[in-house]
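Q: Just passing along the structure, written as structure tokens.
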Amino acid sequence: MTANQAISTKQLTLSYGDTTIINELDLEIPKGEITVFIGGNGCGKSTLLRSIARLLKPKSGAVLLDGEAIARLSTKDVARKMAILPQSPSAPEGLTVLQLVKQGRYPYQTWLKQWTAEDEEKVNNALEATGLMKLKDRAVDSLSGGQRQRAWIAMTLAQDTDTILLDEPTTYLDMTHQIEILDLLFELNEKEQRTIVMVLHDLNLACRYAHNVVAIKDQKIYAQGKPEVVINCSLVKNVFEMECEVTIDPLFGTPLCIPYGKGRCILKQERLSRNG
Amino acid sequence: MLLKSNVQKWCGLLFAAILLLLLMCVSIVYGYTDTTWKMAVDAFTAFDGSNEHLIIQSVRLPRALIAAAVGASLAIAGVLLQTITKNPLAAPEIFGINAGAGFAVVVTVTLFSLSNLQIFTWISFLGAAVSFILVYIIGSIGRDGLTPMKLTLAGAAMSAMFASMTQGFLVINETALEQVLFWLAGSVAGRKLETLLSVLPYLIAGWGLALLISNKLNVLSMGEDVAKGLGLKTGMLKIWSGVIIVLLSGGAVAVAGPIAFIGIVIPHLTRAVVGIDHRWVIPFSALFGGILLLIADTASRFIIMPQEVPVGVMTAVIGTPFFVYIARKGFNK
């Protein structure tokens, strides 16, 4: 265990009832990088993220945060080191953006110390970073999908943790807002070296934004590493059970996966002739 | 949200408190026996043993205090239940808590002819606790855990069961029927001050604890996962809330019988006035609950004079249309 690991798991086994989801997993998540979990539906990537965030109790094994077993730390101590944004969270009706972001300071509050200048500053920074200053008095449920997700991210930022976990932060967002959210997270990582761990469905976006991808298959890690090293046709075939070509993103140079399948192929003639 | 700034909210709270006191005075002065404001003052400063003074001291005063305390307690219990179950229709009566407490009391009265107040209170707490726990467990059975719909169904089932069993006991024992029927309909009339005093410590504890956990309830209302992620011990908070709910609704039922709809209507009304911050919602709904029950109780004396309508019937008349409104609005999401 070196200081370069933000989070690691030791022999982690997760299950729902008798169904094992993750089996004796050893994983190390590097500090200061963006790590993305990928895998097919139901492979356990969200379950793994939830377990790292202590939302799900492991059947056996342990999650270590900065080298300490998470189960041994007080839950408020954990909340000062690691924030989690669950999948499609819902705010109570009428909650304003400011009220939402302020809740991020809950781990720092005690009976005696309710609200401090530092809390105020962190909340303002979070609103600033997510560009929500002007919308702070609006109700969260009146915002567009992208703005709403930014408000939730602002809450996790106000939590002022080195590590942020996000479970499918781009679900239900259109392409523009997906990029907007991922750009925001990328900037946070670049500027403040926050460790970001998230589950993403879009493999190509994962390749673009992640320093490190973890592909999960059959209760285990199938592969882990830089996308340009680990993402290839055979990985996609084995992890997603899909035939594809992997080429290079013409804008970013990161791997770009193009699935085979049916559809309106206007290159058919050409490909047929190439394959003989 | 009607009151936006903190200054407005403090003023609102003060205004509601004054209104509550005023309504208590109105409740003391107006009723079947003609009394005047002067008589009411005299009854406490220059008691002369007259019939009016006696009524004011031993009938009207306890009645006003009980209405305020019971209304406040049921309203807070409703706020807590709606928050921890994320169910806009949750309230002590929907959860079968009132019916459970009522059943426990009826069983005790019919089988053991108990009239000791202290025991009466404990029996009511016990009934409230048992039905709350039962509904919670039944509502949590199954794969997807606790859902608002399953909770409501479990509550309806338990309510129906306790109500039928109560009726069964009363059919068997007709003398008990006389004793408990008025109590069962829910009423704050004809109770002695001692009845209130025997539960008051538990009610006050419930009010205080509810205020203490109000900030944590705000965190919980963001959803279980978010709350856990923020370092809130959600399980502990729910247990504490359950204890408070049982103290408040069990205590209220012991005094006044099962009075419905305060616990549903008031939390929604309060949120419309002060928003969703529980640090404001809890004190405001306590005052509003007291105010509503005082109004309903005072009005109940004048509708079919010289007879009185049980106040539980009054709150039901006010509450039913409201319940339908929330049901239409609440489950849309």
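Yeah, the Cβs are placed from backbone N, Cα and C, and that goes for glycine too.
Predicted automatically and left uncurated, TrEMBL annotations should be read as such.
Here's the feature list from TrEMBL:
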type	residues	note
TRANSMEM	B:64-82	transmembrane segment
TRANSMEM	B:94-113	transmembrane segment
TRANSMEM	B:119-139	transmembrane segment
TRANSMEM	B:151-172	transmembrane segment
TRANSMEM	B:199-218	transmembrane segment
TRANSMEM	B:239-266	transmembrane segment
TRANSMEM	B:278-296	transmembrane segment
TRANSMEM	B:308-327	transmembrane segment
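Could you give the neighbours, burial and distances for every feature on this list?
A: Beyond the ends of the transmembrane segment (B:94-113), by six or more residues, the same chain brings 77, 81, 119-120, 123-128, 130-132, 134-135, 151-152, 155-159, 161-163, 165-166, 169-170, 172-173, 176, 179-180, 183-184, 245-246, 249-250, 253-254, 257-260, 263-264 to within a C-beta distance below 8 angstroms of the stretch.
Within its own chain, the transmembrane segment (B:151-172) is flanked in space by residues 85, 87, 89-90, 93-96, 98-100, 102-103, 106-107, 110, 131, 134-136, 138-139, 180-181, 184, which lie at least six positions past its ends and keep a Cβ under 8 Å from the stretch.
Here the transmembrane segment (B:199-218) has Cβ contacts under 8 Å with residues 69, 72-73, 76-77, 79-80, 83-84, 121, 125, 232, 237, 240-241, 243-244, 247-248, 250-252, 254-255, 276-279, 281-283, 286 of the same chain, all six or more residues outside its ends.
Residues 66-67, 69-71, 73-81, 83-84, 89-94, 97-99, 101-102, 105, 120-121, 123-129, 132-133, 136, 182-188, 191, 195-196, 198-199, 202-203, 205-207, 209-210, 213, 217, 285, 288-289, 292-293, 311-312, 315-316, 318-320, 322-323, 326 of the same chain lie 6+ residues outside the transmembrane segment (B:239-266) yet bring a C-beta within less than 8 angstroms of a C-beta in it.
Under 8 Å from some Cβ of the transmembrane segment (B:308-327) lie the Cβ atoms of residues 32, 67, 88-89, 182, 185-189, 256-262, 264-265, 268, 292-293, 296-297, 299-301, all in the same chain and six or more residues away from its ends.
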Q: In terms of Cβ proximity under 8 Å, which residues at least six beyond the ends of the transmembrane segment (B:119-139) contact it?
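A: Answer is 85, 92, 95-105, 108, 146-147, 150-151, 153-155, 157-158, 162, 198-199, 202, 242, 245-247, 249-251, 253-254.
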